[in-house]
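Notes follow once the structure below has been shown.
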Amino acid sequence: MQQLNPSEISEIIKKRIENLDVSSDAQNEGTIVSVADGIVLIHGLADVMYGEMIEFPGGVYGIALNLERDSVGAVVLGKYQDLVEGQKVKCTGRILEVPIGPELLGRVVDALGNPIDGKGAINAKLTDKVEKVAPGVIERQSVDQPIQTGYKAIDAMVPIGRGQRELIIGDRQIGKTALAIDTIIAQKDSGIKCVYVAIGQKQSTIANVVRKLEEAGAMEYTTVVAAGASDPAAMLYIAPYTGCTMGEYFRDRGEDALIIYDDLTKQAWAYRQISLLLRRPPGREAYPGDVFYLHSRLLERASRVNVDYVEKFTNGEVKGKTGSLTALPIIETQGGDVSAFVPTNVISITDGQIFLETSSFNAGIRPAMNAGISVSRVGGAAQTKIVKKLGGGIRLALAQYRELAAFAQFASDLDEATRKQLEHGKQVTELMKQKQFSPMSVADMGVVLYAANDGFLEDVETSKIGSFETALLSYMNSEHTDLMADINKTGNFNGEIEATFKAAIEKFKATQTW
């Protein structure tokens, strides 16, 4: 055994003392003063940013929302029941970020981007901030490319363009979610990536939506962000921003994306709850003063960005492409009251609204859209040529029918022209009905709208309109396959196509096979 002499021992001790790290590791720490309903009051955090992530004991995180002179109000993202007064908390120096990228397609995640579908970890290469500033005026481009919803009533009367914000508004249980899900399914061959944000919904409802998307083969280009009814209010508040950040990944790289917020009423309720617990002064309907900004800063992020923006963002990797993020926010009204605080706010922020009404839904008209109140402020420029040319007469026919139907209730005898107009309105109303999960192609819409506009429905009984439409489309797709494929590709409509349509429909009507 080797012996150490005293001088060597002293040298080793000297070296150990010299190499000892005595520098202090400064950490910004505070103490929990109170915990209540997911809101934590912290004393002693000196340098904390607004929106900064705060680390609590047990690996739970929160966001600093109230910065006061001697305390910080934070909202907990997760389980707060284990937090106790007197525990130490730390600042992280980071703003909340979530995973982004194509790896999220086909997955169901929570409001923080954690997978909740049991399919394993998401190996996303990138993360991005949840709260971001919307593109500026110079970076935007006007909307001139269409997004097909697959609903003839909407694509003809309330067209939606890529980069638009179109509100879907109506009472509960009248098909708002169904309309949004069908729009996602209709994007199958368009290359548009979709994000569906479920806010405050039942877990069974979210599971049903995911199942429907999987059955339709739509999950492969869709990400579902789920903040269920049993999740903390903070998750419901943050979920739309998380989904928006995931959608912006595609927009900023010269691709097109669609995001659905289902629904923003519940996000406003969650934010109201958080604000009241943080003791912020309540305003109209007990909402805080910045509830307009809550939705405006979210919806302004949906936009169409120009070629320069995409080129600059990708450092020249993507050239000559514009990107877009189209938003379909959903707002739930109570008793059809669109003049309530949150509905009026969102109507003023968006580029139009699709108003669904209970009376139409109960009468069997689905989608239950009110053609008079529903409007698209910018989508007209994006409409496909064939639908734009043939769809104009539909809105007029429905508007006149609505007016005359109200008048006809009180009039006993009507002249022939009025009776004809009423009958035509009835037929168009019947024609605009469409089953769920059956989106229509542009060519199919063109055929149906042409038949309605050019009087081919006059001698068809109203009760047989549905079977007439099905048989006509089946005939057109089998007898004129190339023409229908060409219309789907180009969206064109000219004299030659019109003549073909006319001859084909006349030939079909002669068969009487419907």
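Note: Cβ is positioned from N, Cα and C throughout, glycine not excepted.
The ATP binding site feature in Swiss-Prot is assigned to Gly170, Asp171, Arg172, Gln173, Ile174, Gly175, Lys176, Thr177. Residues or ranges marked as site 'Required for activity' in Swiss-Prot: Ser374.
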Cβ atoms near Arg172 (ATP binding site) (within 10 Å, other residues, all chains): 11
Number of other Cβ atoms within 10 Å of the Cβ of Gly170 (ATP binding site) across all protein chains: 27
Distance from Ser374 (site 'Required for activity') back to Ile174 (ATP binding site), taken between C-alpha atoms, in Å: 15
Asp171 (ATP binding site) CB neighbourhood, other CB atoms within 10 A: 17
Distance from Ser374 (site 'Required for activity') back to Asp171 (ATP binding site), taken between C-alpha atoms, in Å: 15
Sparsest-packed among the recorded positions, when each Cβ's other Cβ atoms within 10 Å are tallied, from Gln173, Thr177, Ser374: Gln173
Distance from Ser374 (site 'Required for activity') back to Gln173 (ATP binding site), taken between C-alpha atoms, in Å: 18
Least buried by Cβ count (within 10 Å) of the binding-site residues Ile174, Gly175, Lys176: Gly175
Residues flanking the ATP site, with Cβ no more than 8 Å from the Cβ centroid of Gly170, Asp171, Arg172, Gln173, Ile174, Gly175, Lys176, Thr177 and excluding those residues themselves: Glu332, Leu356, Phe361
Local backbone state of Ser374 (site 'Required for activity'), from DSSP in three classes: coil
Separation of alpha carbons, Ser374 (site 'Required for activity') and Thr177 (ATP binding site) (Å): 17
Ser374 (site 'Required for activity') and Gly170 (ATP binding site), distance between Cα atoms, whole Å: 11
Pairwise Cα distance for Lys176 (ATP binding site)/Ser374 (site 'Required for activity') [Å, integer]: 14
Rounded distance in angstrom between the Cα atoms of Gly175 (ATP binding site) and Ser374 (site 'Required for activity'): 15
Collapsed DSSP category at Lys176 (ATP binding site): helix
